[in-house]
Amino acid sequence: MYYEGYGYHNNVFEQTYRCYPSSFIDKPLLEAGDKIIMPPSALDRLAHLNVEYPMLFELRNVATSRTSHCGVLEFTAEEGMIYMPYWMMQNLLLQEGDIITVKNVTLPKGTYVKLQPHTTDFLDISNPKAILEKTLRSFSCLTTGDSIMVAYNSKNYYIDIVETKPSSAVSIIETDCEVDFAPPLDYKEPQPAKPANPVGPAAQEDLPEEKPKFSAFAGAGRRLDGRPAKQQESVPVAVPSPVNHQEKSATSKSGTGSSYEASTSSSKTGRPGGKLVFGSNSSRASKESQKETTKEAKQDAPKKEEPKFEAFTGRKYSLKD
């Protein structure tokens, strides 16, 4: 049945009003919940309907196709107007004096709600669960996609309704509802700390390459007489062995350079020293000195032992006339 002049038909109340924020009637407590203030005529029309209590309404902005849900606090507004929390006007994209459609609805009781704070500051509260439970006592219903406001310690925290079950809009009056939290919108994952002593192939690439250390006398040794040299395991520096008196005399006779050749040739040939000598006497003297050196070396060498290295024991040659 439809009654002319009244906005209800078949137990459905639906009426359009101009909306204004709660600051117009100086009722700041209205901001702490989701309830609106309607005119007295709405109460008269609802009284003729068989509506369920508590009364719940659907708010729809036809211009932007945004929808939300709310309860009613009292019926004291001027005719043709309603007052609502400012955060609800923000959800519906409404300005002061815009037209909104109000319709009574019946919502199922909620069993699950997922919330997401806008900032991590809400998690810094000493007991955010207790603050949230106290705030939701002033709410009648929750709608997926809305952003509710939680006022605490002179600061407003905004929380998004991410998910509700069993429907997109649920009643939270006298019901046990499971609440879950999603990470805040400005939350950033902490970066893993780098280990003090990195280990692994990636860490080894970052380490500076070690330069090879200098190692003296690391090459292979060679004998002057052409015989193979023994490989000594750990001989960093060659230390000269002591030379006896006979070896010194042999070495002094054999000489160490051109000056000795000049003095020997000058003493046996009678020619002045410091000059090149050509003739047979020089070759004969060199052969005799070589024989004497060989005999002395054989006498000094121990029996059944390998001959020791002796410097400058090879044959000498001189320029002939």
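Keep in mind that glycine also has a Cβ here, set from the backbone N, Cα and C atoms.
The following features are taken from TrEMBL:
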DOMAIN    13-108  domain 'Ubiquitin fusion degradation protein UFD1 N-terminal subdomain 1'
DOMAIN    109-184  domain 'Ubiquitin fusion degradation protein UFD1 N-terminal subdomain 2'
REGION    183-209  region 'Disordered'
REGION    224-321  region 'Disordered'
COMPBIAS  251-270  compositional bias 'Low complexity'
COMPBIAS  285-309  compositional bias 'Basic and acidic residues'
Tally of residues which DSSP labels helix, strand or coil - the domain 'Ubiquitin fusion degradation protein UFD1 N-terminal subdomain 1' (13-108): 22 helix, 38 strand, 36 coil
Counts of helix, strand and coil residues, the domain 'Ubiquitin fusion degradation protein UFD1 N-terminal subdomain 2' (109-184), according to DSSP: 14 helix, 34 strand, 28 coil
For the domain 'Ubiquitin fusion degradation protein UFD1 N-terminal subdomain 2' (109-184), the mean pLDDT of the predicted model: 90
